[in-house]
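Asker: I have a structure I would like to understand better, so I am pasting it below and will then ask my questions one at a time.
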Amino acid sequence: MPGLRRGRLLTLLLLGALLSADLYFHLWPQVQRQLRPRERPRGCPCAGRAYLPAPDSAAAASDPGTIVHNFSRAGTRTEPAGGSRRDSGSKLQALFTHPLYNVAEEPPLVGPEDSLLASQEALRYYRRKVARWNRRHKMYREQMNLTSLDPPVQLRLEASWVQFHLGINRHGLYSQSNPIVSKLLQDMRHFPTISADYSQDEKALLGACDCTQIVKPSGVHLKLVLRFSDFGKAMFKPMRQQRDEETPVDFFYFIDFQRHNAEIAAFHLDRILDFRRVPPTVGRLVNVTKEILEVTKNEILQSVFFVSPASNMCFFAKCPYMCKTEYAVCGNPHLLEGSLSAFLPSLNLAPRLSVPNPWIRSYSLAGKEEWEVNPLYCDTVKQIYPYNNSQRLLNVIDMAIFDFLIGNMDRHHYEMFTKFGDDGFLIHLDNARGFGRHSHDEISILSPLSQCCMIKKKTLLHLQLLAQADYRLSDVMRESLLEDPLSPVLTEPHLLALDRRLQTILRTVEGCIAAHGEQSVIADGPVEQLAPDSGQANLTS
């Protein structure tokens, strides 16, 4: 009997200890969280504190034409207790209503020549494309003895992708106030797919991959063209890496994974910087069985699908050096995260020029390009057409600033619409190798800025604004990315790295001004000829 009573006592003591542990580790923290509803996660601005820009920063905020010179310290001062006027509202909304984002762009749009597409010609072209697709789809169903109750695809003039194409002009892919971008993102999120296929460059690679190459062509990375029920198209890049994974330090930039969340975040950052040169991009959970396998007519694409030992549906790239199941991407069991980037108008309607980046990297294991060893390399670039008498060099510097913020070392080419000539904007395509390492800032990406010591006044003013506490870059990015269905798109360390890199850019500009003077560094308006044209050597060939 004493032994039995002792056993009961031990049992009661054990149960009491478990109950105490549960109260301490589970229930009590929840009570604490309820008692502190305003506490914010690490890295977020504190509700009890706010930041007051210095008098010169405040002047810049109210006057779009004011340049602040202590760039590297902008936004680091604290306000007295009581909070800022922005704390109670949306920093992102406040940013987009700021005068800097509502200044009339120069030169003004005056006529049809400033739009990328002639609307009637474009609509005729799209109607022919829809009719051809319907004929081919009907023939395919008849050949495969398939029955379908789906009606033929119709071209709707109000379709978001059509309006997006018609809205592209010489200032950018879309205007800041254009509501069609939000509609396009919604449509890409929700519209069912009616076809899936490889992209044109991957089709060209099928069966012709050279495994001796150190740098593999784009077929290494899975990407598919998805067409939606409204006949719009998007480039789908599936998830290959978890959010919290960093690129291994021993990886070369040209063998790094392409990250779907980097494409999404790059679009949001591009819009926040007011560049508007990245096509609208949104995240989506795609059913790889119903929305890819069952709608594709490509037999090669059909052949690379398989069911994994974990009963997940997977597929891989059909290329000799990647034709292995260990390189596949898999659903869970059918749903797979991915990014969808809106297609630009067809090259038949809007030809584009692909230009080698003057600061292209050496895509080899040991080689170096001239800019990596010659600090005066920009002097050579300034003497070469088209960088000697146009906005092109300043646009390349904009692109370098953008790439430095996202950590993208893989900008070997850039594209631009031929219609807008030498002064046309650069299109920031293929950003999936960004946001790989939040713990490392690759300073060499800023070489165009540090070597040329030039920057657009508009770009500098936007960067200064985003360094202020009321519009802090990490905060507005965090808020903007909440709009995406795959949120959180970036981890907190990646968001905080944006603030750190922004300060590096501003310090670089500050150093340039100290060395060369404001008039030489800050370009306001059209660029005059930078250097004598020595034979009009052409870097675009």
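These residue numbers are counts, starting from 1, taken along the chain as shown.
Glycine residues also receive a Cβ, built from the backbone N, Cα and C atoms like all the rest.
Because TrEMBL annotations are produced automatically, they should be read as predictions rather than curated entries.
As listed in TrEMBL for this protein:
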- D410: active site (ACT_SITE)
- K237, S341, A342, F343, L344, E415, D430: ATP binding site (BINDING)
- D430: Mn(2+) binding site (BINDING)
- 305-522: domain 'FAM20 C-terminal' (DOMAIN)
Asker: Under a criterion of Cβ-Cβ distance under 8 Å and sequence separation of at least 6, what residues of the same chain contact A342 (ATP binding site)?
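Answerer: Correct list: W161, F164, L184, M188, G232, K233, A234, P279, P280, T281.
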Asker: Whose Cβ, among the binding-site residues S341, F343, L344, E415, has more other Cβ atoms within 10 Å than any of the rest?
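Answerer: Counting Cβ neighbours within 10 Å, the top one is S341.
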Asker: Over all pairs in K237, S341, A342, F343, L344, E415, D430, the listed ATP binding residues, work out the largest Cα-Cα distance in Å.
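Answerer: Max Cα-Cα spread across the ATP binders: 20 Å.
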Asker: At the level of the C-alpha atoms, what whole-angstrom distance separates S341 (ATP binding site) and D410 (active site)?
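Answerer: S341 (ATP binding site) to D410 (active site), Cα-Cα distance: 18 Å.
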Asker: Quick one: average pLDDT across the domain 'FAM20 C-terminal' (305-522), no decimals.
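Answerer: Value for the domain 'FAM20 C-terminal' (305-522), mean pLDDT as a whole number: 91.
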Asker: Rounded to the nearest Å, what's the C-alpha distance separating D430 (ATP binding site) and D410 (active site)? Just drop the number here, would you?
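Answerer: Spelling it out, the Cα of D430 (ATP binding site) and the Cα of D410 (active site) are 9 Å apart.
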Asker: Taking 10 A as the limit, how many CB atoms besides its own sit near the CB of D430 (ATP binding site)?
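Answerer: There are 25 such Cβ atoms around D430 (ATP binding site).
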Asker: Of K237, D410, which of the recorded positions has the most Cβ neighbours inside 10 Å?
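Answerer: Ranked by Cβ atoms within 10 Å, first place goes to K237.
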Asker: Given the binding-site residues K237, F343, L344, state which is nearest to D410 (active site) when distance is taken between Cα atoms.
Answerer: K237
